[in-house]
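Now, the feature entries from Swiss-Prot:
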- 129-149: repeat 'LRR 1' (REPEAT)
- 150-171: repeat 'LRR 2' (REPEAT)
- 172-193: repeat 'LRR 3' (REPEAT)
- 194-215: repeat 'LRR 4' (REPEAT)
- 216-237: repeat 'LRR 5' (REPEAT)
- 238-259: repeat 'LRR 6' (REPEAT)
- 260-280: repeat 'LRR 7' (REPEAT)
- 281-302: repeat 'LRR 8' (REPEAT)
- 303-324: repeat 'LRR 9' (REPEAT)
- 337-375: domain 'LRRCT' (DOMAIN)
- 414-597: domain 'Guanylate kinase-like' (DOMAIN)
- GLY421, PRO422, GLU423, ALA424, CYS425, GLY426, LYS427, ARG428: ATP binding site (BINDING)
- 763-774: compositional bias 'Polar residues' (COMPBIAS)
Amino acid sequence: MATSERALLRTRAASLLRGLGRSRTGARSLQFRAEKERQPCWSFPMGQKTKGSSNIASSYLLQQLMHRYQELDSDGDEDQGEGEAGSEESSESEMLNLEEEFDGVLREEAVAKALHHLGRSGSGTEQVYLNLTLSGCNLIDVSILCGYVHLQKLDLSANKIEDLSCVSCMPYLLELNASQNNLTTFFNFKPPKNLKKADFSHNQISEICDLSAYHALTKLILDGNEIEEISGLEMCNNLIHLSLANNKITTINGLNKLPIKILCLSNNQIEMITGLEDLKALQNLDLSHNQISSLQGLENHDLLEVINLEDNKIAELREIEYIKNLPILRVLNLLENPIQEKSEYWFFVIFMLLRLTELDQKKIKVEEKVSAVNKYDPPPEVVAAQDHLTHVVNSVMQPQRIFDSTLPSLDAPYPMLILAGPEACGKRELAHRLCRQFSTYFRYGACHTTRPPYFGEGDRVDYHFISQDVFDEMVNMGKFILTFSYGNHKYGLNRDTVEGIARDGLASCIHMEIEGVRSLKYSYFEPRYILVVPMNKEKYEGYLRRKGLFSRAEIEFAVSRVDLYIKINQNFPGYFDEVINADDLDVAYQKLSQLIREYLGLTEEPAKSLATTADVKTSHLKPEAHPTKYISSNMGDFLHSTDRNYLIKFWAKLSAKKTPAERDSIHRQHEAARQALMGRIRPDHTLLFQRGPVPAPLTSGLHYYTTLEELWKSFDLCEDYFKPPFGPYPEKSGKDSLVSMKCSLFRFCPWSKELPFQPPEGSISSHLGSGASDSETEETRKALPIQSFSHEKESHQHRQHSVPVISRPGSNVKPTLPPIPQGRR
């Protein structure tokens, strides 16, 4: 006892001495600093201690402490032998106690502290603790657990256990966690019949033993071991989750027909994806950190939702083809693969796997999916819009001028007739026959194409056959109105083709595929679209085979597009103005010819095919009853509802009252535009600023004539405007040309039939009964010179003697254009 007290005092003295030494050193530093501070402070001379006073006090205290330490040291030397022997004995006893306390053997006291979750036993007869958690206790021997038969969940992770035979005595065990131990094998015990989850990760297991007795096992984790081959799992018919990460597996096998939903094989040495063909229930697959270079082997897994292939050797975009048909794939991770270096990687993968919601741990935005689709497989409408945009932008390369196809009247667009239909359905033959019969109205417009001519086709007759380089150059120069692709060839409608036909005062008749129709609908042209489609596909297929011009694949593709045309016509009412069955070309041409006659007004009955919707009720526009009516009962059938609505709105604008200043401004604008269209504008453009009366009638006000003599006089007043410097008949004299133009205004005016509206109040009535008798009108009409075209005579005999005429600006420019009313897009 005395020895221990002396040692304690010696220790305290030593510490005190060290503290004193530190305090002495600190005192010296403080003294030195105080001296330095006191030297310049001459303003405070009083109250300062001398330099030797502090040294005397500190030295006295130091001497006392050193003396006491020496006394304690001398006493300690006497008892040194006895103290060393006692310390050795005490240390040995302490080590023995520690060994007895941490021997790795589990005892009941520790078990009692680790039990939790009180519940009903497996037999249901008593209340017991169901869970035991002994994680991180450095346990080696857990044999005491043999008596705990009611356990259902056992956690022995992070210990040093080498034997788990005690688990054989736990028939109700459901979950076992034996991770991070020293196990070299597992399931070397009698299997609990209800064991569902087992975790043996991070042990020293080198092979998988036979688990055929573990029928109820649903989750098995064997991460971080030394397993080289998957085996022994064939009879685990309830196994859903299998994890073998961080092992030495090189080949995937031994998983035949197991109901595995989650499979983790990351951080192994796998080079090929094999052995997964029979895992039909697979939903989550982790093959990250391997050496896989191909995705082959992942096909036909319809339930696969998540694929993790991070840090592998996938390098080609074409590998995505193997997983593009997985219907519910949502998450894909290809980080740290060579494929990411591809410039098109992101949008290509999104396009191929449109159902993805997450790629490379990033959420995919809707805008990215739309951009990917528009880049690799744009919808037909997007293709048409891009084509139209391309040609509009490239058109600035051409000289800017007013096109010959630009008509001066808003309600009379340049007339075009488009025959659309599948390949070799007869639309080209119908177009040629139509242009031959109606040669004074239509001319065939040949498209440009990069394909070689078929047998019997002529260059510039059926198509303009050009090379791909020439075609691309024309696109870049902005010479096309539209282009489209069919098969492996390009087709395009040249601007010069349409303008050349319009320059001769004729309408264009063109045939094309549906792709060209879509692009043309984005332009400002408003043609009539007629669908020519064979309804009998077998007959159509036989016709293509007999021609001997197409391969089997081309024939099958052409026949398959018949349904496409029919579907478009059904899903988009009004997309085509008329549908003609092309099974019999003779019958089809008869119907087409009759339809064109009705369009041109060459028959007594107007075309009723355009009045498919109900007539618009405009009771406020109905005129009063009169023997010579202004409105025919069939006029509503002739005009489509869209046209009637346009006429109503247009008539409302024309009928609006305008101030004199507005009228003068409109007169000047229309006069300048008309002179420009006729090529009479002067270089200095001073005509735009001239003032004065406009000699031709304009749209600022409608004038109604009482007799044909008055109308004839009005033409004489503006005779100068009927003499354009160029025209379709340059060989005629000026007088004959003027007469023919006057007559053509009666015959080919789009509104030569009775108008569906009433003249405003106060205007002069245009019916002949109010100003002259029918006999006088007949004599006046016969006095007019008539052209000697037989079809015009037949058409003129069916017309009424009273012709209400609206003089439109520019109606005297191209009087030979056929009166095809405005279509709808």
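Each residue, glycine too, has its Cβ placed from N, Cα and C.
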Residues with Cβ closer than 8 Å to the Cβ of GLY421 (ATP binding site), same chain and 6+ apart in sequence? LYS427, HIS511, GLU513, LEU531, VAL532, VAL533, TYR565, ALA582
Intrachain residues whose Cβ lies under 8 Å of the repeat 'LRR 2' (150-171), provided they are six or more past its termini: 104, 117, 121-122, 128-144, 177-184, 186, 188-194, 199
Just name the winner among ALA424, CYS425 (the binding-site residues) by count of other CB atoms within 10 A of its CB. CYS425
In chain order, residues whose C-beta lies under 8 angstroms from the C-beta of ARG428 (ATP binding site), counting only those at least six residues away in the same chain, are LEU419, ASP462, HIS511
If you skip the near sequence neighbours and keep only those at least six away, which residues in the chain come within under 8 angstroms of GLU423 (ATP binding site), Cβ to Cβ? TYR486, GLU513, PHE550, GLU554, ALA558, ARG561
Setting GLY421, PRO422, GLU423, ALA424, CYS425, GLY426, LYS427, ARG428 aside, what same-chain residues sit with their Cβ within 8 Å of the center of the Cβ atoms that define the ATP site, listed in sequence order? HIS511, VAL532, ALA582
Over the span of the domain 'LRRCT' (337-375), how high is the average pLDDT in this prediction? 96
If you tally other C-beta atoms within 10 angstroms for each of the binding-site residues GLY426, LYS427, the top scorer is LYS427
Helix, strand and coil counts within the repeat 'LRR 7' (260-280) (DSSP): 0 helix, 3 strand, 18 coil
When you scan the chain for residues with a C-beta under 8 Å from the repeat 'LRR 1' (129-149), skipping those not six or more beyond its ends, what do you find? 102-108, 110-111, 114-119, 155-167, 169-172, 177
